[in-house]
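Enquirer: From TrEMBL, for reference:
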type	residues	note
TRANSMEM	6-31	transmembrane segment
TRANSMEM	43-63	transmembrane segment
TRANSMEM	69-91	transmembrane segment
TRANSMEM	103-124	transmembrane segment
TRANSMEM	130-155	transmembrane segment
TRANSMEM	162-184	transmembrane segment
TRANSMEM	190-211	transmembrane segment
Amino acid sequence: MAFPLQLVLGIIGNLTSLALFLSPMATFWGIYKLRSTQKYSGLPYVCTLFTCAFWLLYGAPFVKPHSTLLLTINGAGFLLEIFYVLSFLIFASKKKKMKTLRLIIAMTMAFIMLVVVTIFAMHTHSARQLVAGILCVILSIFMYASPLAVVGLVIRTRSVEYMPFLPSLFNTLNTLVWSGYSVISRDIFLAVPNGIGFLLGIIQLTVYFIYRNSNPVLPASAELPQTKKTDGGFELPIQILIPVEKSKNNKVVSVDTLIADQV
């Protein structure tokens, strides 16, 4: 009975993983329209890109045979993450672009070293699984934890604008399914990161539901997007700095109040 259930969970895991990989599409459509990455970070996409690459190595026939379900979804995820990372680099500021490129170079060197060690220094499947599995666990934890960097921003601004709901939801569902798969297949290298990822996903969803209806708060000076017409009739975003007045109780005025005052 374990094998059919393992197969079913693996297929469901592929579907939830695909939904997770596709969920940033709306975010990148917004980035494309604004021609700016705004306050989004490239860290989650770089981490996910190399997490897929490391899992592809872990599921390779010379490391862990008969891991078709791991190969299919991580192959699809790898291609999608390449698209996200390239899109981020195109529209990111110079500072963000250089920071992201440095991270990509470092991760590429680490991946090449792992491939060389796995192929030439390890001569059994169990030894290769141990080396590749440990690194997959570490990187997967970073991938699941990387969106938490935005949680601080959400709490400070009381706005969930930069922590979209769908990626958080699919992340939680995905880690839950793969946790079940790892228990049935008795794969500790899948169990550890997905168990931790599920807990981190619950934290993200909790923060989202706490602040989703809150009035956003701006700092002492804030940028409001406006648009200007180009010769071709298209609207492009421009940024203006508007000082935010403080009330008598020294509280910062909310975005809604600021916009209403400007209108």
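Cβ atoms are placed via backbone N, Cα and C, with glycine included.
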Enquirer: Which stretch, 6-31, 69-91, 103-124, tops the Cβ pairs under 8 Å count with the transmembrane segment (130-155)?
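Expert: If we count Cβ pairs closer than 8 Å to the transmembrane segment (130-155), 103-124 scores highest.
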Enquirer: With Cβ-Cβ distances below 8 Å as the criterion, list the same-chain residues six or more beyond the ends of the transmembrane segment (69-91) that contact it, or say none.
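Expert: For the transmembrane segment (69-91), the nonlocal Cβ contacts are 7, 10-11, 13-14, 17-18, 21-22, 24, 28, 31-32, 34-37, 40, 42, 45-46, 48-49, 52-53, 55-56, 58-60, 97, 100-101, 104.
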